[in-house]
Amino acid sequence: MRHLLSTKDLGRAEAIQILDIAEDMADVQNREVKKLPTLRGKTVVNLFFEDSTRTRISFEAAAKRLSADVINFSAKGSSVSKGESLKDTAQTLAAMGADGVVIRHSASGAPQVLAQSDWIDAGVVNAGDGTHEHPTQALLDAFTMRRRLFPGDSRGRGLDGVSVVIVGDILHSRVARSNLWLLGTLGATVTFVAPATLVPVGADTWPVDLSFDLDATLALMQPDVVMMLRIQSERMNAAYFPSAREYGRQWGLDDERLARLRPDSIVMHPGPMNRGLEISAGAADSAQSTVLEQVANGVSIRMAVLYLLLSGEREALS
Amino acid sequence: MSESSYLLKGATLPNGQAADILIQDGRITSTAPGSSAPSGAVVVDAAGLVALPGLVDLHTHLREPGFEQSETVLTGTRAAAAGGFTSVFAMANTMPVSDTAGVVEQVQSLGDAAGYATVRPIGAVTVGLAGERLSEIGAMAQSRAAVRVFSDDGKCVHDSLLMRRALEYVKTFDGVIAQHAQDPRLTENAQMNEGALSSELGLKGWPAVAEESIIARDVLLAEHVGARLHICHLSTAGSVDVVRWAKARGIPVTAEATPHHLLLTEDLIRSYDARYKVNPPLRRDEDVQALRAGVADGTIDIVATDHAPHPRESKESEWDAASFGMVGLESALPVVQTALVDTGLLGWDDVARVLSTTPARIGRLNGHTHSFEEGAPANLTLVDPADRSTFTLDRLAGKSQNTPFEGVTLAGRVRWTFHHGFPTLRDGELASIEEAAAHARHLAREGVPAHG
């Protein structure tokens, strides 16, 4: 693998390979010494044009546990905020000898532009670009599902026949997009539930079932997985929905809806959560919730991705 | 040079007739086959070449004053000559905005001095393109630049009352409002055509309805006040339907399409390559086909380039940060041949209509008869329709290189361009700046009207 830019262009074998390597990485996390020497001497730059402490420290932990040197480049307060272009930033990092660039950007496609350019030769990992994709989030979500649904028997398999309901602001969610493509590749079926204002135009042509009615969907699907997306309160001002109360009543996972789920179904959230809005405290803290597992699994997935991109075998594995 | 005589031997006129075109003292003096060259005349072997009346672009951004790093009147008219154009209408979104007699006269003077093409400034409809109050349309109309086309292009005159008043007011001066149809609220921060692809790519959508709803409103306003209306760069199938309906109703509306909207689709944006970022955005293949059909049946009156130069750094960036726009003067005729002629939708007489005579009429370009009648000003272009070649950056003559056609195989190539008898382009080579300037001085001495 040369870069990881999206899940849309990940093949099934490639995706399962990443998940399986992440299993190995997770095993390492249970050892007393968590560190591997694999990327010793390599430099990974976390290039964050958008604030995201959670994703950045997850990548940082992943790179450090592989013994890479990590440079954190935050756009805030740097030359970028003074108008430096992506090109100049990239060329600067290239001159410093970055082997891998983990990029988070508010503009969709920025990681692809970086990867296609001749500004820098490093492997590029998309850590979330605009409303386009967040591939490592989808990979860690799939990893979490696989481990929960097939305990002790997760290696080597996809998610065939698994039903996943993703609820919330699909329109602005790169997590929803990356999950849709990856889960489909792995054999799962996906349903999006959202108010019509938050369903992307043209989503009816995507391999997904669309619903406006959470209760009906949960009753009909009895899904294996319910994934709640963060809702941003500023969407109210742009007339996507009238109020937080109305949103929570129609599309929130409250205690009552939680009680109607199958006892073995799991509740996911990419975080950070708005407790009481899209998810109740009861649902977030229930035994069915995987929220903290997702965080732990994120480090394993990102270790696997950095390993595939930056270890000596990266070309052979592509 | 301007006094020189030229005999273009063996050319084919737009109507298919063979002609030997004799140019003397800036005018066409004969098109009869078999003409012999007067002594001293330059004989051009035009066998296999189609002679078109000099092309007229109703929609060019020359960027001067204010954005000279992108283009100047001189470099933009060199690009025009390279593309076969003898007249260009320069859009008003300069800095300062072309909203006063002083600025439009400055643009006019720069064009007159350069000598590569007739430059006709477009005046802003509203002060500073701000959409709040009318600019001094009368002063611009009565200035030396004699402005007849008014546009806030880049911005839409979206206030309904202001648009109504503008349509009414320009009637006084036989002017026309050229509307950039874009509902601003529906397109806030919009990046590309809204649809399944924009949703997948995570780029904010520019919905077709934002264009179509403004056009629908404006044709009804034009009908109500009995004013001429011109719609810039139609980009959607729905827009073609609305204009077709308006014309059937007898509303005096004219419409244009750009070469890029006639050939390219949104699928190119999968690369996130900002060369494909343009406003209005590239649309679906259905829209491209509808625009072609619209040009073919006359719903769309003209093809205009929306030549929009930008420096490299404006395109070498992430998509959202890049500027909108493409250069188009040098590639326009090959794209029209590729999209419309070679597909059987237009003949060369239609090309002459959509790229020369009709834009000249809409813009009230006087003194350019755009015919091959004896005595007509020798504004014409010779194109080699048999050429098939990959479009390369070295075919660009302007200051900027933001073409979406690099690497695309296009049909047809402009060989010669004559502006008032002066060859601005000679077998693919531009006249030197000094020669063109000398031609310009000659025209001034002869009293050829600057805007004619």
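Cβ atoms here come from the backbone N, Cα and C positions, even for glycine.
In the three-state DSSP classification, B:Asp306 (active site) falls within coil. Taken from TrEMBL, the feature active site applies to B:Asp306.
Taken from TrEMBL, the feature Zn(2+) 1 binding site covers B:His59, B:His61, B:Asp153, B:Asp306. Spatially close to B:His59 (Zn(2+) 1 binding site) yet at least six residues away along the chain are B:Phe89, B:Met91, B:Asp153, B:Ala178, B:Cys232, B:His233, B:Glu256, B:Thr258, B:Ala304, B:Thr305, B:Asp306, B:His307, judged by Cβ distances under 8 angstroms.
Listed in sequence order, B:Ser70, B:Ser323, B:Gly325, B:Ser400, B:Asn402 are the same-chain residues six or more apart from B:His310 (substrate binding site) with CB atoms under 8 A from its CB. Among the features that TrEMBL reports, substrate binding site is placed at B:His61, B:Leu62, B:Arg63, B:Asn93, B:Asn279, B:His310, B:Phe324, B:Gly325.
Secondary structure from DSSP puts B:His180 (Zn(2+) 2 binding site) in coil. Within the same chain, residues at least 6 positions away in sequence whose Cβ sits under 8 Å from that of B:His180 (Zn(2+) 2 binding site) are B:Ser151, B:Asp152, B:Asp153, B:Gly154, B:Lys155, B:Cys156, B:Cys232, B:His233. Sequence annotations record features per position, and here TrEMBL assigns Zn(2+) 2 binding site to B:Asp153, B:His180, B:His233.
Taken from TrEMBL, the feature domain 'Dihydroorotase catalytic' applies to B:50-236.
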Task: Residues within 8 Å of the B:Asp153, B:His180, B:His233 Cβ centre (excluding the Zn(2+) 2 site residues themselves) - done: B:His59, B:Met91, B:Ser151, B:Gly154, B:Ala178, B:Gln179, B:Ala181, B:Gln182, B:Cys232, B:Asn279, B:Pro280, B:Asp306
- [ ] Please classify the secondary structure at B:His59 (Zn(2+) 1 binding site) using three-state DSSP.
- [x] strand
Task: Residues that sit under 8 angstroms from B:Phe324 (substrate binding site) by C-beta distance, when 6+ apart in the chain - done: B:Lys277, B:Val278, B:Asn279, B:Ala308
Open item on the list: According to DSSP, does B:Asn279 (substrate binding site) sit in a helix, a strand, or coil?
Closed with: coil
